[in-house]
């Protein structure tokens, strides 16, 4: 009966599979997986030897190629347009956005500049004359902003958006209106006379002071001008718009103001107004009918009494609307003010941006620091500036991160022996990876992949951390060359042993990022593609160029030159330790501290029944260790930390050695072999590990339920900035979004009026839609159009009843009556367009509230030309735009009676306001309701879709989790296939995928506890975590697969040889990520640094703790099985002929099995641990008992131990 030895006494038997399997392959009975891997390793061996022979050429050509690609960075384009970054590619939103731009152009109708005022003391009522006075001070300061560009002065009145400027036939009135027509400013000050102070226009009439909105009474002005001009049309226009006395009829906020007009209700009483009462129900612009600002647009944090009366509010908001760059360009094109500056749309955009920046600056400085109120200002340019700042590469962080990596790589590869130190290799490796990252990004720029914030802020650090992992792995393996390896084959032997791991991890990383590109968000798709390309470039650099660097360093070490200062010889080169041969008995060989060479006879046979290859080692070799070095200058370092990369001595009998400090005896390999693996692989430790990881998985599953969808703009903007304060106040108090319901072409609007009204009603009934006041009609073009027709129909009926309009004349009727006359006689027939008999037999709007289809498009032409304020208020944005048609009541020619019909509409929209959207779930609910309303309308033949920022940026969440699960599942399948193909072992690939799936679930759950919301960016990190996790698992799995012995023994050896590279890789990744923690953007810190740091720590724990335990329990059987017997039957074994592997077969073999006699020179390093380590190895061999001392080993020989 056999018993297992203590894990502290585990023997070394980690050997490259290709070398171990060589005799068996030629014996013709090895399984295909090992044969294929051996073939692949042979290719890597040839590649390494070729690079070593031509290392100078490879290094020169590699640096030249990477440097040329890095120059492509000069062509990099940084994208900051939110629509281009976040709208899903190929989605219905993308198609709808394309349709909108195709019909209306690129620019929106206007841009918004906002002021939000809050009290410094939270919860304080802001509805007081004093608070509104401070708001007036800030708004007035902002409205007076002027910028000088191109030799011109630009103020608000020149660049603001003006809604529906009417066309007036009277030239004097037209010029006066052009100068006086007010800007659209949505402000609570419009409830008071002080709102007029924000309007900067003025006009001059002889005998009067300058006319401004602060002293303009339109009714009084019309009375004064009436005797001198025909103003009937203008008067009707003002009456329809319900202008009244404009601002001078409103109460004064400060009745003691010397300019407070006498017509103000509180001018004589001198009493301050009841602010809450005046603001209740909202405010109006100069037109009471078309310019109504609802409470929700002006006030935030409102509180009401039980009767619904407004009592208090905590925030005020004013919004200034400016023209778009295209509108500003068109407005001043050909104007005398811009004829000498080469006016262009780019100049118009520059003017607007300069004004907006100045607006924000002055508004924020308008109130003193000790004021009881605070002003937050924001503009569309501010958002662009934030995105530009967010996308800029921080040179300090990049340089800092790379310097940390350089320092770590250099220190971890230094050694006390100056000639054997590899600090220069570490420096060169990090610099090479940095060049590879730059070349990968340059290649992305050459391929036209745009850069964004994720590229510039994260990718340089992430790619560096990933790329340096393989540098450590290669450098570590290069110094662990098997004794007896010819100098010219060192690089080939290194790639032969580690190339498979590098290929596997790189391919999985590239596959991970390519799978992450399935997320259809342009910014993240670009990031994923760039990451895949950068990983590919670092893979090429590590596999081709870095071996050339190692080969050059090998020459330096062989010549005993100093590290870094390679022109000087090492001072340690004169210290030579001569290892003298010893007089040994038969079969006894000397054992060195660093490695052991023994010559043994091995007999290999294949049993036909089991198809197993069996190697038999006779107990004829005795291993005698010499006295150890008391100062420990020759350290045992089988697979330790990269700071011990040169722990193995060159295979020469004379070698240089510098004495190291006693503390240098400890290293990661020593820790893994003597402390970590024995502790981890004990039965009770395995149980504890499984329980703890099971608990972590269960806790993560609970955390996954806490993850919410969303990404607020406040997460992107740096905390503590004025922009963040504004966005926080806006999100808290004014969560309103302007949206539109767009109707497309492809159906007949004239015959679908009922369906259009039903669509509007369904949309208006959504929970998130802000309803209009009960006293106001819906604000849509179809309602305005119908109401206008009903108004002129009523005027016609009145004129007809009074006889002012007859069958043959309308000149004595009103303007509206004349318009109705012309519409009523239209037939829509090109042959007979007029029919006067219809004057009394038809109506412009029938009893059901529908417009006769034959009049629909002709009436649309008349309405658009005659009611500009109503058209502007409706925000219809018709395409194709109806033709212009001028009405002249006194022109009775037949041509004037003909009304050209508008072309069939292909684009129109109903505006809405969405409120109460705080969480992503609120947005998703509103989007789903809007989509359902459009789907129902589609069944009625109306083609419509919703438009606006909620649908642009939040619709992705409808299918984000589905995309995430799809990408992760596809990636896990791809990882399984790649691992199974390269490892040629589905069993091992399945365990790797199991661990990776656990890592993804746990990362997702920890995100929930950290408060990280699920958006496209965390999805990319989660998907990429599968590929990055391969870095921590595949090395251990491959080491387990290619060693011999029991599962526990193989797991221990896998840990022994991979603990240090995996740990160094994790540290390198963490150092690369460390600089992200210093970002000014909280978004970078939380969503990238925190998430990727957690991912790295999870990978370290799963790769070095959980996976070895799983492998020791569920791992696959060894690929190479060796059995050792006390007295093997030897049939004329051939005599050894030097080192290496030699084999031959006996001429007389039994039919049951074939014997192959092998004479092998076995390189056993590091030195054997106390205890016997040659033991029987069945398919899952038991552990042999341990000996108590190294002397037992030499006395007993390597025979099996039985208990």
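Cβ atoms here come from the backbone N, Cα and C positions, even for glycine.
Under the heading topological domain 'Cytoplasmic', Swiss-Prot lists 1-57 (among others), citing sequence analysis as support.
Feature annotation from Swiss-Prot assigns transmembrane segment to 58-78 (among others).
Summarising the annotation, Swiss-Prot assigns topological domain 'Extracellular' to 79-392 (among others) and lists sequence analysis as the type of evidence.
The feature N-linked glycosylation site is assigned by Swiss-Prot to 370 (among others). Neighbour count (other Cβ atoms within 10 Å of the Cβ, all protein chains): 6 for residue 370 (N-linked glycosylation site).
Counting residues 6+ beyond its ends, the transmembrane segment (393-413) has Cβ neighbours under 8 Å at 421-427, 429-431, 434, 456-457, 460-461, 464-465, 468, 471-472, 475, 641-643, 645, 1064, 1067-1068, 1071-1072, 1074-1076, 1078-1079 in the same chain. Marked as transmembrane segment by Swiss-Prot on the basis of sequence analysis: 393-413 (among others).
Look at Swiss-Prot and you will find 394-552 tagged as domain 'SSD', backed by sequence analysis.
Among the features that Swiss-Prot reports, topological domain 'Cytoplasmic' is placed at 414-428 (among others), with the record citing sequence analysis.
Among the features that Swiss-Prot reports, transmembrane segment is placed at 429-449 (among others). Sequence-distant contacts of the transmembrane segment (429-449), counting only residues of its own chain at least 6 positions beyond either end whose CB sits under 8 Å from a CB of the stretch, comprise 63, 65-77, 402, 405-406, 409, 455, 459-460, 463-464, 467-468, 471-472, 475, 526, 529-530, 533-538, 540-542, 545-546, 549.
As annotated by Swiss-Prot, topological domain 'Extracellular' applies to 450-457 (among others), with the evidence given as sequence analysis. Beyond its flanks by at least six residues, the topological domain 'Extracellular' (450-457) meets 76-80, 84-85, 387, 390-394, 441, 444, 523-524, 526-527, 530, 1017, 1020, 1076, 1079, 1081, 1084, 1088 of its own chain at Cβ-Cβ distances under 8 Å.
The transmembrane segment feature in Swiss-Prot is assigned to 458-478 (among others).
Positions annotated as topological domain 'Cytoplasmic' by Swiss-Prot, on the basis of sequence analysis: 479-501 (among others). Residue counts of the topological domain 'Cytoplasmic' (479-501) by helix, strand and coil are 15 helix, 0 strand, 8 coil (DSSP-based).
Look at Swiss-Prot and you will find 502-522 (among others) tagged as transmembrane segment.
The average pLDDT computed for the topological domain 'Extracellular' (523-531) is 87. According to Swiss-Prot, the topological domain 'Extracellular' annotation covers 523-531 (among others).
As annotated by Swiss-Prot, transmembrane segment applies to 532-552 (among others).
Feature annotation from Swiss-Prot assigns topological domain 'Cytoplasmic' to 553-686 (among others).
Counting same-chain residues at least six beyond the ends of the transmembrane segment (687-707), those with a Cβ under 8 angstroms from any Cβ of the stretch are 680, 998, 1001-1009, 1012-1014, 1102, 1105-1106, 1109. Annotation source Swiss-Prot lists transmembrane segment at 687-707 (among others).
Cα spacing between residue 370 (N-linked glycosylation site) and residue 812 (N-linked glycosylation site): 66 Å, rounded to the nearest whole number. Listed by sequence, the residues of this chain that lie at least six past the ends of the transmembrane segment (1014-1034) yet keep a Cβ under 8 A from its Cβ atoms are 86, 454, 466, 469, 501, 504-505, 508-513, 515-516, 518-519, 521, 523-524, 527-528, 531, 707-711, 956-957, 960-961, 963-964, 967-968, 971-972, 975, 979, 992, 995-996, 999-1000, 1003-1004, 1007, 1062, 1065-1066, 1087-1088, 1091-1092, 1095-1096, 1098-1100, 1102-1104, 1107. Pairs of Cβ atoms less than 8 Å apart link the transmembrane segment (1065-1085) most often to 458-478, out of 458-478, 502-522, 532-552, 964-984, 992-1012. In terms of C-beta pairs under 8 Å, the stretch of 458-478, 502-522, 964-984, 992-1012 lying closest in packing to the transmembrane segment (1094-1114) is 992-1012.
Stretch with the most C-beta contacts under 8 angstroms to the transmembrane segment (58-78), considering only 458-478, 502-522, 532-552, 964-984, 992-1012: 532-552. The number of other CB atoms found within 10 A of the CB of residue 812 (N-linked glycosylation site), across every protein chain shown, is 14. Ranking 458-478, 532-552, 992-1012 by CB pairs under 8 A with the transmembrane segment (502-522) puts 532-552 at the top.
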